[in-house]
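S.K.: Swiss-Prot feature annotations, pasted as is:
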{"type": "ACT_SITE", "residues": "Asp313", "note": "active site, proton acceptor"}
{"type": "BINDING", "residues": "Lys22, Ser23, Arg27, Ser169, Ser170, Gln171, Ser197, Asp313, Asn336, Lys340", "note": "3-phosphoshikimate binding site"}
{"type": "BINDING", "residues": "Lys22, Gly96, Arg124, Gln171, Arg344, Arg386, Lys411", "note": "phosphoenolpyruvate binding site"}
Amino acid sequence: MQSLTLQPISRINGTINLPGSKSVSNRALLLAAFAKGTTRLTNLLDSDDIRYMLNALTALDIPYRLSADRTVCEVEGRSGNITGKSGLELFLGNAGTAMRPLAAALCLGDNEIVLTGEPRMKERPIGHLVDALRQGGAKIDYIEQENYPPLHIKGGFSGGKVTVDGSVSSQFLTALLMAAPLAVNNTEIHIQGDLVSKPYIDITLALMKSFGVTVENHQYQVFYIRGRQQYLSPGQYLVEGDASSASYFLAAAAIKGGIVRVTGIGKNSLQGDTKFANVLEQMGATIRWGDDFVECERGTLTGIDMDMNAIPDAAMTIATTALFAQGETVIRNIYNWRVKETDRLNAMATELRKVGAEVEEGLDYIRVIPPEKIQHAEIETYNDHRVAMCFSLVALSNTPVTILDPGCTAKTFPDYFNQLKKLSEYTT
């Protein structure tokens, strides 16, 4: 296995232009495929998850043209359902942002299609989405294990009243919302349990609106969507920078700034993970906002105790930032860390202990007490891009850190370690 040892960083300073958001990129690609007209997507993320979606569009005979650097994509929309040939098998890696929305989208047709992925994808639950799609008439079979991919989809979703459990993943609701306008009947979606990651639903609703479709949202409990609608291409769509990816650079500035300015997101961003900057501010950093940037300056950091259900991906960065804060930090209401690319609660607790932290891992929370001195460790990354990027922050101590399988950042940010190095100053 490859490894990368990061030497201690004495100071972080400069400007970073963010790659496009994974969440926005894959939603925009699918809506562009549904839409009437050609859509030019700019600042598209080039990463593994996006490539899986693009490969799926190719297999589904949706024409698109990609720029040489893969950040501009012109998609010729289908003016409705995307069906694909019967007997097609789509391999979607470990890309939840492709698997869940495509599962719903392909239920609108009547062809038989198999959706599968990497071994970890087969451990990520999809039963709540399948249950909801079946309530709307969809015919779906589990090929291996009940409630998990791979799926055998036979179409049949026609809308109606459906109930979906919102407590595990907001992607299930996102998938239903994006497919529902193309169903033959109106759809009424009722949410069971507490809806996690609400800001990701706001991203979905905002994107649908950009493509000409509105949804009645009754306090995130009931959603009403008219059937037989048509998505309309906005012509051009700029994908904002990835706010989750911004978290590492902002946290680095809070710990060892200098000042870091992150461009591509700003005070009016769609993404809930921009609220990560507010958490850093509560911990003691100085934050400044612009229309298309956020800036962080070093402060004396103190631990916090906070519900971070709304920003689950960026909350991981707080767990490693806690190593540099005074007092303990508790991150609460994050059960859905357990059903991401790996069991992130267990992974973060295990690796934080390696560098010397005292950690309590609960069912849906993590408590971190920083060590007096951070220890050098080899960090297992569990093929999880965010674990790798979170633990790069350990290099902001006086101790090196070794990241195993650093290439796993290709899922969302292939160039991450180079970008971090550009902002880093080292004591010689």
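Heads up, the Cβ atoms here are built off N, Cα and C, so glycines get one too.
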S.K.: Given the binding-site residues Gly96, Arg124, Arg344, Arg386, Lys411, state which is nearest to Asn336 (3-phosphoshikimate binding site) when distance is taken between Cα atoms.
M.R.: Arg344
S.K.: Among the recorded positions listed here (Lys22, Arg27, Ser170, Ser197, Asp313), which has the Cα closest to the Cα of Arg344 (phosphoenolpyruvate binding site)?
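M.R.: Ranked by Cα distance from Arg344 (phosphoenolpyruvate binding site), first place goes to Asp313.
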S.K.: Starting from each candidate's C-beta and looking 10 angstroms out, tell me which of the binding-site residues Arg27, Arg124 has the most other C-beta atoms.
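M.R.: Counting Cβ neighbours within 10 Å, the top one is Arg27.
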S.K.: I need the nearest neighbour of Lys411 (phosphoenolpyruvate binding site) among the binding-site residues Arg27, Ser170, Ser197, using C-alpha distances.
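M.R.: Going through Arg27, Ser170, Ser197 one by one, the Cα closest to that of Lys411 (phosphoenolpyruvate binding site) is Arg27.
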S.K.: Do you know offhand how many angstrom separate Lys22 (3-phosphoshikimate binding site) and Gln171 (phosphoenolpyruvate binding site) by C-alpha?
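M.R.: Approximately 13 Å lies between the Cα of Lys22 (3-phosphoshikimate binding site) and that of Gln171 (phosphoenolpyruvate binding site).
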S.K.: In this structure, which of the binding-site residues Lys22, Arg344, Arg386, Lys411 has the fewest other Cβ atoms within 10 Å of its Cβ?
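M.R.: With the binding-site residues Lys22, Arg344, Arg386, Lys411, fewest surrounding Cβ atoms within 10 Å: Lys411.
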S.K.: Rounded to the nearest Å, what's the C-alpha distance separating Arg124 (phosphoenolpyruvate binding site) and Ser170 (3-phosphoshikimate binding site)? Just drop the number here, would you?
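M.R.: A Cα-Cα distance of 13 Å.
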S.K.: In Å, how large is the greatest distance between any two Cα atoms among Lys22, Gly96, Arg124, Gln171, Arg344, Arg386, Lys411, the listed binders of phosphoenolpyruvate?
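M.R.: Per the listed residues, the maximum Cα distance equals 19 Å.
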S.K.: So which binding-site residues are near Ser197 (3-phosphoshikimate binding site), with CA atoms within 10 Å, out of Gly96, Gln171, Arg386?
M.R.: Gln171
S.K.: Please identify which of Ser170, Asn336 has the densest Cβ environment, defined as other Cβ atoms within 10 Å, among these binding-site residues.
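M.R.: Result of the Cβ crowding comparison: Ser170.
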S.K.: Taking the binding-site residues one at a time (Gln171, Ser197), which has its Cβ surrounded by the most other Cβ atoms within 10 Å?
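M.R.: Neighbour-count leader: Gln171.
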